[in-house]
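Peer 1: To start, I am sharing the structure in question, which I have written as structure tokens.
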């Protein structure tokens, strides 16, 4: 009886520590929403600051309700029999949550923080020209349906792309540990369609020649602040995706023991990829434009973080440096292509999250290490084999699953989000009128300006009254 009590006590302590770890990770991921708000605010013109900050608030609060009612169910709902590999069918409004066999409240909180991050990515692509009502519809649809379906494919135990499936695709399943594809590619493709259908901001390209004209963000200080907050939150985004820290491996599987080792390694690969990409982007853009640009360095940092998010737990630190190096050139190349094609994305969100997210999936298929895959996805079991990185000698199974995820996400988001944006466009509900765009969304839609150095309408009347009095 004493042995049973001891075992129960150890289990309770382990469960408590794992719950605390996951809740703390959820808090870190939620901090990223502050980072998105600051980054977006600094990257747009001053006259649209209130609008872009409100969209970030809307993502969080709308995502909370939509993910509670529908999103979590579509993502992780599994029936006892006849589980659906495409979409979840249980746990609506968190019915039967928490339960001992699957999920608890900390896991829901953590996944909600991921869902609102996906919506926040797309908000940057359609900034400064989108009707707020249309954005509310888009954010609800993305967090409540489009994004959760992709989550079900990859992160639920029964999804058709899941590496934890009983019959994984190509014997492997897609390895997307923290969401280069699930989160970032989804948000990037959604933003791409919104920006394409809306068209560029007024003044971004010359009306006669088509020559690009610079529209710079108004506050680099906010951009840097937002970037560091996002980087800080990424240490919950990537290492936190272990969801449990007290998972030990068999003694013969790894000398250091358990998930706590993987958590530390994942934080290091995250740091190295982002830092490398930031440096390469800084120097690369210096060669192209002739000056040092803090905005380029910040976007390069974020691009590296996006890319490593897929394979952060299953690659060595040296591979993370290579990931960051390549992600910088992916970002630079896509930004150059966007300008040539007349595409306008105020935050480079489609290029950064979509392009670098796609590279992250491919990178994992090339460099994932077999030993680390077994530790992360099979709890370090001895005698287990898995397809691993193509360039590491692991064959074509993993890279095939990665490419399948990439193509599936692009197709799914395109066939769901593009019709929504097109419908809103044809109903004249998507883009604001020309005069309102010229005036700025803050004054035309939100009743004022974000900064006191903007002259408010009532201030004009006050100035006129003072002039008459004099």
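Keep in mind that glycine also has a Cβ here, set from the backbone N, Cα and C atoms.
TrEMBL labels come from automatic prediction, so no person has curated them.
So TrEMBL lists the following for this protein:
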TRANSMEM  20-41  transmembrane segment
DOMAIN    21-451  domain 'Ammonium transporter AmtB-like'
TRANSMEM  53-76  transmembrane segment
TRANSMEM  108-127  transmembrane segment
TRANSMEM  134-155  transmembrane segment
TRANSMEM  175-196  transmembrane segment
TRANSMEM  217-237  transmembrane segment
TRANSMEM  318-338  transmembrane segment
TRANSMEM  396-424  transmembrane segment
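Map the listed features onto the structure and describe their local environment.
Peer 2: Sequence-distant contacts of the transmembrane segment (53-76), counting only residues of its own chain at least 6 positions beyond either end whose CB sits under 8 Å from a CB of the stretch, comprise 30, 33, 36-37, 40-41, 87-94, 97, 102-103, 108, 111-112, 115-116, 119-120, 123, 127, 132, 135-136, 139-140, 143-145, 147-149, 151-152, 155-156, 446, 450.
Sequence-distant neighbours of the transmembrane segment (108-127) (same chain, 6+ residues past either end, Cβ-Cβ under 8 Å): 22-23, 25-26, 29-30, 32-33, 36, 39-40, 43-44, 48, 51-52, 55-56, 59-60, 62-64, 67-68, 71-72, 75-76, 94, 97, 135, 138-139, 142-143, 147-148, 151, 179, 182-184, 186-188, 190-192, 194-195, 198, 237, 240, 243, 345-350, 353.
Residues of the same chain lying 6 or more positions beyond the ends of the transmembrane segment (134-155) and with a Cβ under 8 Å from any Cβ of it are 55, 58-59, 62-63, 66-67, 69-77, 85-88, 111, 114-116, 118-119, 122-123, 126, 161-162, 174, 176, 181-183, 186, 190, 194, 405, 408-409, 412-413, 416-417, 420-421, 424, 429-430.
Long-range contacts of the transmembrane segment (396-424) within its own chain (CB-CB distance under 8 A, at least 6 residues past either end) are made by residues 134, 137-138, 141-142, 145-146, 149-150, 153-154, 161, 163, 168-176, 181-182, 185-186, 189-190, 193-194, 197-198, 310, 358, 361-362, 364-366, 368, 386-390, 430.
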Peer 1: Is the transmembrane segment (175-196) packed against any residues at least 6 beyond its ends, judged by a Cβ distance under 8 Å, and which are they?
Peer 2: 114, 117-126, 130, 138, 142, 146-147, 150-151, 154-155, 163, 237-238, 240-241, 266, 306-314, 343-345, 349-358, 360-361, 364-365, 368, 373, 376-377, 398, 401-402, 405-406, 409-410, 413-414, 417-418, 421
Peer 1: State the mean pLDDT for the domain 'Ammonium transporter AmtB-like' (21-451).
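Peer 2: Per the prediction, mean pLDDT sits at 94 for the domain 'Ammonium transporter AmtB-like' (21-451).
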